[in-house]
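**Q** Before we start, here is the structure in question, set down as structure tokens.
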Amino acid sequence: MPVRRGHVAPQNTFLDTIIRKFEGQSRKFIIANARVENCAVIYCNDGFCELCGYSRAEVMQRPCTCDFLHGPRTQRRAAAQIAQALLGAEERKVEIAFYRKDGSCFLCLVDVVPVKNEDGAVIMFILNFEVVMEKDMVGSPAHDTNHRGPSTSWLASGRAKTFRLKLPALLALTARESSVRTGSMHSAGAPGAVVVDVDLTPAAPSSESLALDEVSAMDNHVAGLGPAEERRALVGPGSASPVASIRGPHPSPRAQSLNPDASGSSCSLARTRSRESCASVRRASSADDIEAMRAGALPPPPRHASTGAMHPLRSGLLNSTSDSDLVRYRTISKIPQITLNFVDLKGDPFLASPTSDREIIAPKIKERTHNVTEKVTQVLSLGADVLPEYKLQAPRIHRWTILHYSPFKAVWDWLILLLVIYTAVFTPYSAAFLLKETEDGSQAPDCGYACQPLAVVDLIVDIMFIVDILINFRTTYVNANEEVVSHPGRIAVHYFKGWFLIDMVAAIPFDLLIFGSGSEELIGLLKTARLLRLVRVARKLDRYSEYGAAVLFLLMCTFALIAHWLACIWYAIGNMEQPHMDSHIGWLHNLGDQIGKPYNSSGLGGPSIKDKYVTALYFTFSSLTSVGFGNVSPNTNSEKIFSICVMLIGSLMYASIFGNVSAIIQRLYSGTARYHTQMLRVREFIRFHQIPNPLRQRLEEYFQHAWSYTNGIDMNAVLKGFPECLQADICLHLNRSLLQHCKPFRGATKGCLRALAMKFKTTHAPPGDTLVHAGDLLTALYFISRGSIEILRGDVVVAILGKNDIFGEPLNLYARPGKSNGDVRALTYCDLHKIHRDDLLEVLDMYPEFSDHFWSSLEITFNLRDTNMIPGSPGSAELESGFNRQRKRKLSFRRRTDKDTEQPGEVSALGQGPARVGPGPSCRGQPGGPWGESPSSGPSSPESSEDEGPGRSSSPLRLVPFSSPRPPGDPPGGEPLTEDGEKSDTCNPLSGAFSGVSNIFSFWGDSRGRQYQELPRCPAPAPSLLNIPLSSPGRRSRGDVESRLDALQRQLNRLETRLSADMATVLQLLQRQMTLVPPAYSAVTTPGPGPTSASPLLPVGPVPTLTLDSLSQVSQFVAFEELPAGAPELPQDGPTRRLSLPGQLGALTSQPLHRHGSDPGS
């Protein structure tokens, strides 16, 4: 297998670094994006959620000012200081009282820390929260109600209060900086202070504003950290007085928050547009000028230096007593006129503000970059080397550190490998054969290293091994998390725990340490310790075990090396016994006699070293292969015992290596063959399609990492070989972490969990890979199990998600999959579990008892559905009004509203009882709309989709005149009677044709005082022709729509003429039946002629009732009325478009609900 390179692709480790550092310190923090106009929260850790009591889904996309934690005891000054910190680029600490979700109050120290990108621009803010004390301990009420808590609905988080940062003309203030009055600069001081003049003239009654006199000129010391005496001595006693009163519809922010009907106001920093209610910011040259201004000695500035006539006011300034302090702690010098306005934000909170409004870095911020970095490091308790930047960056490699996969390290490893092989061969040989010869020739003249070339080589090997130890202390490694570790300290610890001891023993130069002692045999034995390096050689060569030829070669080399070692031992045994034997029966004496070189009586002479080594190697090879010829035989007991051991070793090696070579190769290369086959396919794919190099490198790196992660195992292929019950158990084990720790799956039965586990699929994504693109169809729900991702809209990061977060769309609220409103991109190597919407809904249909719990406990951290891209999709107002449905069949949902309890024959009167709000199955509008008073079905009705069956394709409504109170003798329920006196409990398929006609009776005359009731819908076998589908602008032109409307208008004109005549005939027939009980409808006057009627109508008597039969007859007439020849054919598929809705009608939630003037209940 290739060398493990680890995660070397550029990763965005911003979130991982912050979490790793903060979680160990039990921090509570949030991360906000400084480039969106509301500084929305894009990440919050579990500690913050536990602190405030809100879930992550409720906190995400909230303003980072945390105004949803404000309450009665929250200081406005502290809140303003936090807002000011978001304007600058320096950190600030503020003490403020916050409220939890349960209403309990606590005092918190908030650290606002900016985060910069590689260009030095502030792109994010980290807000760290530290609890100082509980308010209950200092005498506050037990529970103060948090009136600003957000709604528990996850959809409400996107429309809650937002924090808009607007900066007015900064260039104009920059140009005016040089025009400050020269009289105010007579003192030699630092022109860094900021003086705030505030006019106490109240603002306009329609706005609620809080002038930021304190906010625009404060630093960390004056933000509740400096002594009160110094601040009072510098500023004066009047600095704590309020500077502006809050006026508007509500007397105070608290009163406004107490009103449940009031829309959530947004806290925004906006420029004051009134010259009478804004604060001017001007510069002070020194502390003397500040004292003069505090005492009123400094005259007001000229008009060109401010925006209006301002009254000097003693305000909170820098907590300093000298000019040097002003130089050191000067604040932003060009802050424009700012007020804190509570306004309603109707726009998209995620859209970035213009460049002029988004730039919040002061002109001198570039000069303070190094100071900011030091302070950020102090606040975060992080080292400067690990302070992250929010960008894709390669792993940090320390200086003088060698990558373990670099070319230099590869060459060096091969060099060390050759030296180790040399050591393994020559160390036993020199210890057995050469030491005896050296002793025998010790009387020879001393010629140094020239006579001993192997001694020089041994010295070089020792030096190389020592250098290798030093290199290993600076070589990176891959940890258990597949991360490349380059820190010298961690590398040293890892090396000490691993191969350091073996390398150290193998590198000891024993011949130099024992030089001159004369014990050459001891030196030779100690040198055998170098053979310990063979363990590392085996580990290095294991990567080549995937090649068949290499394995055969390695096996042969191993066999030869073992034979070499045994030959050295065989010679050492014969050489040791030779001087002590009286009878010359050893194998050496026999060898000398055979080759004609016998030993003399003094033990000298005999065969040469070459003859001895070759003979010993011949004996060991023949013994290991069990092919002994007997020409070299053991004679002494020691030689026979050694021969037995050699035979045992040889039998094992021969049987395990040579006897099973094919089996070994097949077993070792099964995975390797699959790897190379798949890799070959990838390369052929790259070559065939001519993929460019950057993309080719991504493909290869992803394949290699995925192969090392899964080892080339195809889970689907493996699972298909097992029965379904075993497949479910395996999938349950693989997804056990998700099913155990994810809240929506708690409480599910084991059978339900097994069914869900079968539907989950695991996705692995490298850094920089885009999982979902903007506009893609959302067909699955994603659960993050490892890594972190970011969600972008354009180039703006709107959310950062990590482990255990969920993103997608709420499947129970939409019948059809929506489209993504942003890009989802991986920051690190991520593992995600995804389940398709069809599979999830199918499982929940099988377990309806678990479905309620699942939908109620599912909290999607970020909703990717883009409602603006889908015409007629329900908005947040509809969803908050009860637009909650459950899946009853596949892709069919049942609306749970108050109307479900009514019987099919009951009549619900508009204006009596609770009106249905939102896109219900039988009502899509409300009376009093801008185009009529009749309820109508909008195009966003989920029941009108094609995949819900023909019975749900349309929702016809029946319109009947609103009746007066029913007489006591009338039948209950108010159903109209047929001619036979029976109740009509069935609906004509065309009886709802008038549901889409806006105020059709207005053609007869004045319809004032008449209301229409909504009858329960009945399934129609075929859709009405008047239910015109909403045509797509891309498929039908505007002229087709206009011609269709003209045809319908002509139909209505003919309908008026015939309806007047038919009504007279019908009413005369009804008046003859005196035995019938009068129905429950009030009398209707005879309608006059229509505005376009060609002939006058015959006068008739008063209309006593209007039955369903009459309306049914009229509906049938309309259904079978032919269209003119020039009118286009009406399509029958797609969502229906009611005639009461104009062509440019927007979403229903955007239209305010009005009650008609003739409504009796208004």
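Any Cβ shown, glycine's included, is placed from N, Cα and C.
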**Q** Annotation phosphoserine in Swiss-Prot: match it to one of Ser602, Ser638, Ser876, please.
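**A** Per Swiss-Prot, the residue annotated as phosphoserine is Ser876.
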**Q** Where does Swiss-Prot put phosphoserine, among Ser306, Ser1007, Ser1140?
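**A** Out of Ser306, Ser1007, Ser1140, Swiss-Prot attaches the phosphoserine annotation to Ser1140.
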**Q** Any idea which of 82-102, 124-144, 523-543, 775-795 is down as transmembrane segment in Swiss-Prot?
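**A** Comparing 82-102, 124-144, 523-543, 775-795 with Swiss-Prot, transmembrane segment matches 523-543.
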**Q** Confirm whether, per Swiss-Prot, Lys640 lies on the same side of the membrane as Thr401.
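**A** No - Swiss-Prot names a different topological domain for Thr401 than for Lys640.
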**Q** Annotation N-linked glycosylation site per Swiss-Prot: which of the candidates Asn600, Asn660, Asn735 has it?
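**A** Going through Asn600, Asn660, Asn735 one by one, Swiss-Prot flags Asn600 as N-linked glycosylation site.
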**Q** What same-chain residues lie close to the topological domain 'Extracellular' (571-613): Cβ under 8 Å, and 6 or more beyond its ends?
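**A** Distant contacts of the topological domain 'Extracellular' (571-613): 429, 432-434, 436-437, 440, 619, 631-636, 638-639, 642.
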**Q** Summarise the model confidence on the topological domain 'Extracellular' (571-613) as a single mean pLDDT, whole number.
**A** 80
**Q** Which sequence-distant residues neighbour the topological domain 'Extracellular' (635-640)? Criterion: at least 6 residues beyond either end, Cβ under 8 Å.
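**A** Contacts of the topological domain 'Extracellular' (635-640) (Cβ under 8 Å, skipping residues fewer than 6 from its ends): 570, 573-574, 577, 581, 585-587, 590.
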**Q** Within 10 Å of the Cβ of Asn600 (N-linked glycosylation site), how many other Cβ atoms can be counted across all chains shown?
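**A** Other Cβ atoms within 10 Å of Asn600 (N-linked glycosylation site): 9.
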**Q** For Asn600 (N-linked glycosylation site), what is the secondary structure state per DSSP, taken as helix, strand or coil?
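**A** Its secondary structure by DSSP: coil.
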